[in-house]
């Protein structure tokens, strides 16, 4: 009887052994699944294998151009740069025109500081401001042409207040070229002027001749006579 019971219990133990083993395995798995702290701690103790290095990827496309930014403030003036090297010597220039020789430097201007009333006579000027070449005769009031050429003459006269009218003539070798006329009632002054361009030969004379009337003269020099050579002729 005892031997029979032993065999029965032994068979029963063999039948329940697999079930017990499955229960232990299931408890182990459950324990691992529901114990994350232990799992994390265990993972910190284990070191994985180093991965292999891969190839570098392709560069991406350029992005779109951004909007232009606002203009910045003007910067401070920079320091002066170093002095540059001296440049090369330039080519020789063309020969210039010859200067005016002394015999062709001709100009004069005379003025009247006192009244003049000698009718039908050459006008004498009391002052000569300019006389380049000394071709204007202060004593006679006549200009003598030093060379053949074209000359310019101009004169301005003020009528004396004691007369009503004045005639003055521009003379060339004794011939009247043209005249000046001024009219104003007595007690009042009046000015008139005229100009001429004359072609003269060497030695020709030009002067002013008083007609009728009288000319005013004072320190303000309202009455003048001037002339100069424009150019020489052959």
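Sequential numbering from 1, following the chain as shown.
In case you wondered, yes, glycine gets a Cβ from its N, Cα and C as well.
All annotation found in TrEMBL is predicted automatically rather than curated by experts.
Since this is a predicted model, take the numbers as computed values, not measurements.
The signal peptide annotation in TrEMBL covers 1-22. What TrEMBL lists as region 'Disordered' is 41-98. Among the features that TrEMBL reports, compositional bias 'Basic residues' is placed at 46-56. What TrEMBL lists as compositional bias 'Basic and acidic residues' is 70-95. What TrEMBL lists as domain 'C1q' is 101-234.
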The compositional bias 'Basic and acidic residues' (70-95): DSSP-derived helix, strand, coil residue counts: 0 helix, 0 strand, 26 coil
Rounded mean pLDDT for the residues that make up the domain 'C1q' (101-234): 91
DSSP-assigned states of the domain 'C1q' (101-234) in counts, ordered helix, strand, coil: 3 helix, 73 strand, 58 coil
